[in-house]
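What follows is a set of notes on a single structure, which appears directly below.
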Amino acid sequence: MTEFENRPFALQLSNVYLTILALFCFKLFVKITLNLLTYFYIIKGNRKEAARISAEFYDFGQGQSRRGVFWSELCAPHSELCVLISQGYNVDVRTIDHVTPLHEACLGDHVACARALIDAGANVNATTIDGVTPLFNACLVGSATCTEILLENGANPQTAICQPSPIHEASSKGKSACVEALITWGADVDYDIPHLGTPLFIACTSKQLHCTRKLLDKGANVQKGRFLETPLHAAAAQDCTDVVKALLEYGADVNARNLELKRPVESAPPSSLAEGFLLLYEAMPRQLSQLCRLSIRDCLGQSRLHLIPQLQLPTRLMNFLQYR
Ligand SMILES: *[C@@H]1O[C@H](CO)[C@@H](O)[C@H](O)[C@H]1NC(C)=O
């Protein structure tokens, strides 16, 4: 009896489920068709139509933030952004998060695209609501060319303290070409952000030997880290002997004490390579040539280190002074 009574209800229920499933399938079908259509138009070269469909699709389907995806698709090798620009598209169109096409082009390392956008007047200093600039994105992915193009066109090499900093990002990711470009265009090599420390400190925490060397070569202060924590503390704590060596070559102080009054050797993991290296280093007398080099570089001062090649010195001596 009960089975007989329940049956119509069960049937109704399954009908509801079927309807929901059918609706879902239909929605999926529409989405796929629109996507295919957009793709087809981009391939076929009808970019205006592609832009229209895509804008419609992304605006109504997934909100404005998807527009960035569309822009970066345009930077793909098979399509030309120039056509869109020549058709009068606004190069500074922004998503809800204020992401511009230039942000996307730099994030994807699309050099030609970035150049075309800048030539068309895109704002190189555009900032998202999170404070991210196109330059930051270029450093994030290590695109040295995009970094240079942006800097050549007046991008601000250094952001405010509360905003994401390109030089810190490049240092932590080991993108030394970007670091070099930033410093060349006027970024402060010792830019100290309270919660991050200096670029050198970040490079040491991230075990980035090349960036550490690049920063030191560009005159970074070897003692400046985060609060009392020096770069040598960071490198020792990471047990990164190569970075420790580089720092010591540039005159890092083995007796500096951090907030916990620990010296770098005490920050290293117990019986690690870095600890062993530092213990040995402390027990050995310094080389006179090394002490002379540090003292001469000190006398010259950070701002005049790049003038060393102009000194009337034998090449070997000059190279020695420059750690070449
Ligand atoms: C970008 O910002 C920097 C620093 O605020 C400024 O000097 C530069 O002129 C700006 N560049 C452009 C193209 O607006």
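In case you wondered, yes, glycine gets a Cβ from its N, Cα and C as well.
If you check TrEMBL, you get these features:
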{"type": "TRANSMEM", "residues": "16-42", "note": "transmembrane segment"}
{"type": "REPEAT", "residues": "97-129", "note": "repeat 'ANK'"}
{"type": "REPEAT", "residues": "130-156", "note": "repeat 'ANK'"}
{"type": "REPEAT", "residues": "227-259", "note": "repeat 'ANK'"}
{"type": "DOMAIN", "residues": "280-324", "note": "domain 'SOCS box'"}
Long-range neighbours of the repeat 'ANK' (130-156), counting only residues six or more past its ends (CB under 8 A): 97, 100, 102-103, 105-109, 111, 114-115, 118, 124, 162-167, 169-170, 173-175, 177-178, 181-182, 184-185
Average model confidence [pLDDT] within the repeat 'ANK' (227-259): 95
